[in-house]
Amino acid sequence: MASTSTSANGGSTNASIVSQPVVFTTQTQYPLPYQKYMIPTTWRRYQLSQLVNKALSLVKPVPFDFLIKGEIIRGSLAEWCSEHGVGEEETLEIEYIESVMPPQKMSEIPHEDWVSSVSCQLPRYFLTASYDGNLRAFDLSKNLTASIPAHPAPITSLCLVSSSLLDDNSQQIVIASASHDLTARLTQVALNPMASTNESKAMASLHLHTAPVSSISANAAGTHVLTASWDGLIGYWDATVPSTDEVPEPALNERDRSKKRRRVEEGEVKAKRKAPLSVFKSHTARVSKVLFASGAGETAYSCGFDSTVRRWDTETGVCSHTITASEKPFLDMALTPDGNSALATSTDRSMTLYDLRSSTTILTSASNTYMHPSTPSCVATSATNSHQVVTGAYDGVVRIWDLRSPKSAMATFKPWSGSGQKVLSVDWKRGIVGVGGERGLEMWKVGEEQKV
């Protein structure tokens, strides 16, 4: 319809321009008073963002993105209305959100072998696990502060169990790792920013699984860990170190006994062999991911190649709820900060959002599906924005998503100079996304700049 329309500079024009009645809503710290605007249908994100900034009289401009019915506007209002069959008389409710600033590469740290897992959870450090069996810690200046030969086979997963500050200003941390060697391990590391080398100690090896261990995670208190394996089992463990072995060593031949005697004579400290507190049995194929829900750790979630997402009571070891998808072998999973939803990536090139509060056990509990051009191998959620997640894929692309807009990613970037090398792991903390893969480790600044 022809009407007086708002201009991008805050004035108005009487020219005969097709306009659409619009009201704006937001959940940000920049709300507008409720008011109906007549917006030219030729406008796109940039003009809408200018309007909101001028209406709010913001001293420092804040870029916004805009959503209609949960979908981010990528073109003009006219294009959106035409695609969705919306008439000129219909009032549009448009939600605005703060834009994701273009990701900026911070640094790159090559590794000799694939980086299968990366953690940004420890302030001022990045932790990596590699197919060469080593755990590594790097500071913000890219200095290698610790290198630990934790496993004799590729490491698949790591997590930070606990961290404490010592009197000499160093940090004592415990890292849990999982490996193709059928074990998981707890390793203690002292990180001193003033020391050229840092000490590590093998605390315990976790013995249960009969196939590669694919995932390990710790609860928030650092008192318990979970392991998941290709054997379909999930192990539930406490993080204490026993005084003696809880699992006997396998029988050794004469050659192995000689090697063991040499290690003892050289003073090598042997990790204690731990047994699980309980074993969770319900998956019918490989378990690819297991993690604790937020809180005290009474609840855990897992996903696997049997196309299921399962909820567990850690005290009883009972599977209390199962979401079954159709032919979706799951590779990775993350929980939203509120704990109400799970995001699971699959070999069918999708990431699916599941409502964990739903009582249904079938695919109808899926809220949205986010398609990728290549298999998304990993996913991590933002700690500060409940709507934003990051995925890494086998096409070598990292994608930043807003969960309210499933059609396309908010931003993308290609690590390792766009070489197309597979991304195997991502983590997101304090505005930094760590990316691990075939070419090593890269760190990218994503979102609001925060103190690292």
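Including glycine, each Cβ sits where the backbone N, Cα and C put it.
Per Swiss-Prot, the features are:
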- 17-98: region 'Ubiquitin-like (UBL) domain' (REGION)
- 110-148: repeat 'WD 1' (REPEAT)
- 150-195: repeat 'WD 2' (REPEAT)
- 208-247: repeat 'WD 3' (REPEAT)
- 245-269: region 'Disordered' (REGION)
- 252-269: compositional bias 'Basic and acidic residues' (COMPBIAS)
- 282-322: repeat 'WD 4' (REPEAT)
- 325-364: repeat 'WD 5' (REPEAT)
- 371-411: repeat 'WD 6' (REPEAT)
- 418-452: repeat 'WD 7' (REPEAT)
Segment-level pLDDT (mean, integer) for the repeat 'WD 4' (282-322): 95
The repeat 'WD 3' (208-247) versus listed stretches 110-148, 282-322, 325-364, 371-411, 418-452: most Cβ pairs under 8 Å: 282-322
Residue numbers, six or more beyond the limits of the repeat 'WD 1' (110-148), whose CB comes under 8 Å of its CB atoms: 154-160, 163, 171, 173, 175, 177, 179, 187, 189, 191, 193, 198, 200, 424-430, 432-441, 443, 452
The repeat 'WD 3' (208-247), counted residue by residue under DSSP: helix, strand, coil: 0 helix, 18 strand, 22 coil
Sequence-remote partners of the repeat 'WD 7' (418-452) [C-beta within less than 8 Å, at least six residues beyond its ends]: 100-101, 103-111, 114-121, 123-124, 126, 128, 138, 140, 377-385, 388, 390-398, 400, 411
Residue distribution over DSSP helix, strand and coil in the repeat 'WD 5' (325-364): 2 helix, 18 strand, 20 coil
Helix, strand and coil residues within the region 'Ubiquitin-like (UBL) domain' (17-98) as assigned by DSSP: 20 helix, 28 strand, 34 coil
